[in-house]
Amino acid sequence: MSMVDEPLYPIAVLIDELKNDDIQLRLNSIRRLSTIARALGEERTRRELIPFLSENNDDDDEVLLAMAEELGVFIPYVGGVEHANVLLPPLETLCTVEETCVRDKAVESLCRIGSQMRESDLVESFIPLVKRLAAGEWFTARVSACGLFHIAYPSAPEMLKTELRSIYNQLCQDDMPMVRRSAASSLGKFAATVEYAYLKADIMTIFEDLTQDDQDSVRLLAVEGCATLGKLLEPQDCVAHILPVIVNFSQDKSWRVRYMVANQLYELCEAVGPEPTRTELVPAYVRLLRDNEAEVRIAAAGKVTKFCRILDPDLAIQHILPCAKELSSDSSQHVRSALASVIMGMAPVLGKDATIEQLLPIFLSLLKDEFPDVRLNIISKLDQVNQVIGINLLSQSLLPAIVELAEDRHWRVRLAIIEYIPLLASQLGVGFFDDKLGALCMQWLQDKVHSIRDAAANNLKRLAEEFGPEWALQHIIPQVLDMINNSHYLYRMTILHAVSLLAPVMGSEITSSKLLPVVITASKDRVPNIKFNVAKVLESIFPIVDQSVVEKNIRPCLVELSEDPDVDVRYFSNQALHAIDHMMMSG
């Protein structure tokens with residue numbers, strides 16, 4: 001092919017590939033659009049590639065989605081911001097397709113391009129595009145239009161702004177619920193760009209219409225808008241316009257709408273100020289905490305701490321805590337679980353006295369819950385309570401429950417307790433730990449579940465780091481080394497794992513004198529799995545000890561293992577010997 005025809009080549013290949021039956025080929029060529037555009041140059045990209053893409057009516061959604069995504073970052077390839085308007089036609093077509101994710105991606109790309117366009121181009125090209133989509137015969141175009149108003153509005157001249165507000169109002173009253181849904185979900189973004197005078201007049205009228213929509217899917221999207229609009233309005237306007245709406249919504253006949261309110265309510269407290277919160281929103285929230293639908297109670301329970309942070313502590317104690325107490329014995333385990341995941345956060349909000357009197361009984365009842373997830377959620381947040389009530393009280397009231405959970409029948413609960421132990425140890429101090437929790441840590445090394453034994457070994461390492469090698473030598477090492485004689489090989493393997501983790505913490509001397517002899521003895525075990533794990537442990541600890549110890553103890557042991565009848569034992573011992581040789585050579 002001659003040099004003259006070279007630039008024609010990419011577009012010809014692209015056209016061929018985009019018409020190919022194989023979807024993967026079509027996808028690949030779309031993903032390579034930027035490369036092709038670079039090869040063609042800016043002018044030919046504008047003149048040939050973009051018009052071709054506008055006409056390319058591929059019927060596969062995956063290809064269209066990829067195209068909508070690529071075009072969003074295409075401004076540099078068409079000659080920069082002054083030529084950005086050439087990208088609008090193909091994206092406009094994509095805004096009208098049936099597949100939602102393609103339309104959403106096209107709207108996202110249009111927003112990205114629109115936010116970079118010059119004001120004059122927005123007025124000449126972008127705003128007419130929004131108006132065409134909003135007047136589209138097919139509902140998909142009108143749905144897409146709703147997401148573009150916040151880009152189009154700020155640059156529009158006064159006359160056009162009035163027209164855009166009026167068009168948006170029409171979209172909010174569209175016959176199709178899908179269009180009204182889209183208008184409701186984009187209202188917050190649009191409202192943020194509208195001048196305050198029109199915000200109070202036009203936007204609030206639109207909002208009030210949406211809140212009375214007969215479709216619950218539209219109303220629940222209007223709830224989302226409440227918090228956004230509330231933050232845009234002055235507090236007194238917010239109280240006048242938003243507050244009555246949210247109070248009504250909290251008693252809506254559809255549980256989905258009440259669920260959205262439960263999720264959003266705490267955000268509105270900041271918008272309306274303390275007094276309306278106390279008189280209006282607290283009663284609404286209490287109603288949601290006692291809702292007859294479990295889903296609504298779950299959402300409300302999950303926000304209980306966020307809500308209490310906004311309130312005066314006395315209000316929280318008076319109104320919210322009684323509800324929390326009721327929810328801790330709710331008939332739905334998911335409600336109890338949602339409460340358990342956040343209730344610990346209430347301790348810093350309520351202060352020491354209220355925590356001890358009111359919250360501790362709730363914690364204890366949730367710690368004894370029959371559902372493991374509830375217990376887990378409480379355990380994982382215990383440190384938040386400790387900061388408020390101090391370790392002595394915590395240990396008196398919660399330690400018995402922790403000891404009980406350490407033997408819980410669900411292994412995930414036991415695992416959560418183990419992972420919490422180092423934190424507890426650092427807070428309790430060494431004396432307290434030895435009395436109450438030391439024995440538990442050893443007990444876990446002989447658990448029936450491998451994950452627990454593994455976590456128990458890691459736990460010992462973290463405790464040794466926390467309390468120091470001298471403490472570990474006294475309290476951990478003797479008990480661990482005793483267990484190497486356990487009759488079950490899986491427990492003996494756990495001890496080898498614990499030794500490999502403890503060695504770096506304990507240092508060269510203790511490893512050589514205390515840990516290494518036990519590992520060497522284990523190399524004579526009758527079970528091959530133990531022997532090849534000995535080889536692995538020796539490989540991990542030889543860099544810690546002196547070279548003389550490696551030559552005198554470790555190498556002979558590995559040489560013996562490398563002649564073992566078992567293939568895996570030979571493999572791992574040879575691997576360890578190679579590692580030692582490599583270190584000697586590089587050293």
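Glycine too: its Cβ is placed from the backbone N, Cα and C atoms.
Per TrEMBL, these features apply:
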| type | residues | note |
| --- | --- | --- |
| REPEAT | 10-48 | repeat 'HEAT' |
| REPEAT | 164-202 | repeat 'HEAT' |
| REPEAT | 203-241 | repeat 'HEAT' |
| REPEAT | 242-280 | repeat 'HEAT' |
| REPEAT | 281-319 | repeat 'HEAT' |
| REPEAT | 320-358 | repeat 'HEAT' |
| REPEAT | 359-397 | repeat 'HEAT' |
| REPEAT | 398-436 | repeat 'HEAT' |
| REPEAT | 437-475 | repeat 'HEAT' |
| REPEAT | 476-514 | repeat 'HEAT' |
| REPEAT | 515-553 | repeat 'HEAT' |
| REPEAT | 554-587 | repeat 'HEAT' |
Which sequence positions outside the repeat 'HEAT' (476-514), separated from its termini by at least 6 residues, show Cβ-Cβ distances below 8 Å to it?
441-442, 445-446, 450, 453-454, 456-458, 460-461, 463-465, 469, 521-522, 525, 527, 529-530, 533-534, 536-537, 540-541, 544-546, 549, 553
For the repeat 'HEAT' (476-514), what's the mean pLDDT in this predicted model?
81
Long-range neighbours of the repeat 'HEAT' (203-241), counting only residues six or more past its ends (CB under 8 A):
165, 168-169, 172-173, 177, 180-181, 183-185, 187-192, 194, 248-249, 252, 254, 256-257, 259-261, 264, 267-268, 270-273, 276
